[in-house]
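Novice: Right, I'll just put the structure down here and ask away after.
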Amino acid sequence: MNTPKYKRIMLKLSGESLAGEQGFGIDFDTVNRISKEIKEIIDMGVEVGAVVGGGNIWRGRSSGDMDRTTADYMGMLATCINAMALQSSLEQLGVMTRVQTAIEMKEVAEPYIRRKAVRHLEKGRVVIFAAGTGNPYFSTDTAAALRAAEIEAEVILLAKKVDGVYDSDPNINSNAVKFDKLSFTEVLEKDLKVMDSTASSLCRDNNIPIIVFALDEPGNIKKVLCGENIGTTVGNF
Ligand code: GTP
C-alpha cells in the first residue's frame with residue numbers, strides 16, 4: 001500500500017487544523033505533525049499544492065460587526081499568516097516550498113502565477129496558495145477547487161475534523177451514517193456541507209474528485225493517497 005494513486009494533488013487544510021487543541025492561533029506541534037505527513041508524500045514523488053484556510057485567526061464572516069467584503073479580506077490575510085507558518089515548518093524538515101499569494105504582497109511572498117506554480121510543483125516544491133482566490137465572497141474551499149483546476153491536480157484531499165461525510169452530524173446523532181462515495185449532484189441536492197456550493201460545483205464541472213478524511217489520525221494523508229478507503233470520496237459517479 002505504498003504506491004501513490006495520484007501524481008499531483010491539492011491538499012486543503014482548514015485554518016482550525018493548524019490550531020490544535022487550543023482551537024485558536026497556530027500550534028506549531030500540530031503544524032509540524034502535518035508537515036511531516038506532507039513530507040512523507042513528497043518523498044514518494046507526489047506533487048503537492050496546498051490551500052490553507054484562516055479560521056484559526058479570523059472568523060469575521062459570522063461576527064456581524066462589519067461588512068462582508070472587509071471581513072473576507074481580513075480572512076484572506078489570515079490565510080497568508082497560516083501559509084507562512086506552514087512554509088516555515090515544512091522548510092525546517094527540508095521540504096522545498098513556495099508561497100504564492102492571490103493578493104499581491106511581493107515583499108512577503110511571490111504573487112500567484114499559474115505557470116510558475118506548475119514549474120515549482122514539477123521541481124518537487126510544495127506550493128502553498130495563500131489569500132484565497134483574492135476575492136471576497138469566495139471561500140478557501142473555492143480557492144482550493146479553482147487552483148486544483150488550474151494546476152490540473154487529480155484530486156483534492158479535504159482534511160477535516162470528522163472522518164468523512166455523514167447523512168447527519170455524527171457529533172449530535174450517534175446513528176449518523178458515513179458515506180463511502182457520493183456524487184456531487186447528491187452533495188448539492190441534499191445540501192451536505194462538504195464544501196460550499198461554489199466549490200462543489202467547480203469540482204463537479206471540472207471533474208475533480210474530493211476525498212474527505214480526518215487529519216487528526218496520524219498517517220492519514222499517506223493512506224488516502226495510496227487509495228485506502230478511509231474517508232468519503234465525492235465525484236461524478
Ligand atoms: P526557478 O528558478 O524557476 O526554479 O524558481 P525559483 O522560485 O527558485 O526562482 P526565483 O528566482 O523566482 O525565486 C527565488 C526565491 O525568491 C524563492 O524563494 C521565491 O519564493 C522568492 N520569490 C520569487 N518571486 C518573489 C516575489 O515576488 N516576492 C517575494 N517575496 N519572493 C519572491
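If you go along the chain as it appears here, the first residue is 1 and each next one adds 1.
From the backbone N, Cα and C atoms, a Cβ is placed for every residue, glycine too.
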Novice: If TrEMBL says Gly54, Thr133, Gly134, Asn135, Pro136, Tyr137, Phe138, Ser139, Thr140 bind UMP, which of Asp29, Asp72, Asp163 does it name for the same site?
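Specialist: Looking through Asp29, Asp72, Asp163, the residue TrEMBL assigns to the UMP site is Asp72.
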Novice: Scan 20-25, 32-37, 110-115, 218-223 against TrEMBL and say which stretch is down as region 'Involved in allosteric activation by GTP'.
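Specialist: That would be 20-25, the stretch labelled region 'Involved in allosteric activation by GTP' in TrEMBL.
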Novice: Based on Cβ atoms within 10 Å, give me the single least packed residue among the binding-site residues Tyr137, Tyr166.
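Specialist: Sparsest of the binding-site residues Tyr137, Tyr166 by Cβ contacts within 10 Å: Tyr137.
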Novice: What residues in the same chain, six or more past the boundaries of the region 'Involved in allosteric activation by GTP' (20-25), come closer than 8 Å to it by Cβ-Cβ distance?
Specialist: 56-57
Novice: Rounded to the nearest angstrom, how far is the Cα of Ser139 (UMP binding site) from the Cα of Gly15 (ATP binding site)?
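Specialist: Gly15 (ATP binding site) and Ser139 (UMP binding site) have their Cα atoms 12 Å apart.
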